[in-house]
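In what follows, a structure is listed as structure tokens, so that the remarks can point back to it.
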Amino acid sequence: MPAPSPFLASNAGRVDAAADSVAHADAAASAVMPAGQASSPTQAADASDDRLATLLRSHRRLFVLTGAGCSTDSGIPDYRDRAGAWKRPPPIAFGPFMAEPLTRARYWARSMIGWRSFGQARPNRAHHALAALEAADRIELLVTQNVDGLHQAANSRAVVDLHGRLDGVRCMQCGARLPRADFQAELEALNPDWRDFVAPVAPDGDADLDGVDFSGFRVPAHAACGGILKPDVVFFGESVPRQRVLAASDALSRADAMLVVGSSLMVYSGYRFALAAAERGIPLVSINRGLTRADALLSFKVEEDCGDALARAVAATVLQPCGISDGA
């Protein structure tokens with residue numbers, strides 16, 4: 001685990017108070033309606049709140065996996081509908097990006113336009129609630145499938161960006177890494193006629209541009225070696241770096257429960273951790289609207305908005321730290 005951050009130090013009083021309160025709190029029983037008794041939506045939500053708060057109170061080494069649903073309240077769309085199907089064409093694949101100049105032009109044109117909104121996204125209640133849990137020393141590791149960096153922006157520190165970060169660019173020839181802001185400025189300077197395009201942002205930070213000719217869009221090579229520049233994220237068909245998987249797997253081996261937030265787990269890179277948690281026999285809980293690939297493995301599921309559910313549960317667990325409350 002990393003050394004305590006300045007954020008944790010500055011919240012030491014709140015963390016101590018939260019931990020002391022939790023240590024002396026009575027263990028709440030799981031709020032499950034008796035068999036055969038119908039429950040109202042309010043009763044069902046209350047039951048979910050109680051079960052989630054109980055999980056957070058009784059487990060101090062949570063392995064948290066987050067997906068696109070965690071960032072929708074920050075204005076970043078998710079990928080799939082409630083049935084787990086794609087809402088839009090699947091994201092770009094690694095092979096075509098590397099092999100086809102026009103595919104790279106299409107990607108970077110859409111990304112240049114989408115970055116204006118994506119790069120300005122700010123953490124929402126879900127991110128802040130998870131940061132509060134970390135400050136209360138209840139998270140072993142947070143692994144995110146998202147590429148937006150919003151967990152770090154919310155002051156989470158023990159984070160593995162499983163699929164990378166969109167705020168960086170990597171040279172595929174020499175391995176150099178560049179700030180996305182610098183590359184964005186270069187793209188806009190080379191393509192001034194594209195600056196006025198406005199389009200809805202997509203989950204990967206690009207924009208939906210239909211019926212546009214991308215052949216004239218200019219994509220610079222790496223100035224130092226002439227290599228292809230690619231966002232520092234894992235594309236479909238590309239392997240997740242081994243060290244990230246090992247770091248996550250090691251943390252999961254120490255965890256006493258796994259919490260999935262806003263992910264359908266349809267992609268194996270995330271689903272593998274749910275399988276591992278189930279094999280270990282530790283509680284596996286999901287906060288997600290709609291189907292997940294791991295539904296048959298779950299201890300229970302909270303089908304609510306991630307921010308709403310987490311804010312209430314964290315407020316009940318760690319005494320409303322860092323401004324998180326059930327009315328936030």
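Keep in mind that glycine also has a Cβ here, set from the backbone N, Cα and C atoms.
TrEMBL annotations: computationally assigned, not manually curated.
Database features, via TrEMBL:
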DOMAIN    41-325  domain 'Deacetylase sirtuin-type'
BINDING   Q145, N146, V147, D148, G262, S263, S264, N288, R289, G290, C306  NAD(+) binding site
ACT_SITE  H163  active site, proton acceptor
BINDING   C171, C174, H222, C225  Zn(2+) binding site
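Feature map: annotations from TrEMBL on the structure.
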| residue | record | DSSP class |
| --- | --- | --- |
| Q145 | NAD(+) binding site | coil |
| H163 | active site, proton acceptor | coil |
| C171 | Zn(2+) binding site | strand |
| H222 | Zn(2+) binding site | coil |
| G262 | NAD(+) binding site | coil |
| R289 | NAD(+) binding site | coil |
| C306 | NAD(+) binding site | helix |
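With respect to their backbone Cα atoms, C174 (Zn(2+) binding site) and R289 (NAD(+) binding site) stand 42 Å from each other. The binding-site residues under consideration are V147, C171, C306. Their Cβ neighbour counts within 10 Å are lowest for C171. Closest by Cα distance to G262 (NAD(+) binding site), from the recorded positions H163, C171, H222, C225, is H163. Between the candidate binding-site residues, Q145, S264, the densest Cβ environment within 10 Å is the one around S264. Annotated Zn(2+) site C171, C174, H222, C225; additional same-chain residues within 8 Å of its Cβ mean position, judged by their own Cβ, are M172, Q173, G175, A176, A221, A224, G226, G227, L229.
Of all the recorded positions listed here (H163, C171, H222, C225), H163 has the Cα closest to the Cα of C306 (NAD(+) binding site).
Taking the Cβ of H222 (Zn(2+) binding site) as centre and 10 Å as the limit, one finds 19 other Cβ atoms among all the protein chains shown. The Cβ of C174 has fewer other Cβ atoms within 10 Å than any other of the binding-site residues C174, G262, R289. Binding-site extent for NAD(+): residues Q145, N146, V147, D148, G262, S263, S264, N288, R289, G290, C306, maximum pairwise Cα distance 23 Å (rounded to the nearest whole number). Counting only same-chain residues six or more apart in sequence, the Cβ atoms lying under 8 angstroms from the Cβ of C225 (Zn(2+) binding site) belong to C171, Q173, C174, A176.
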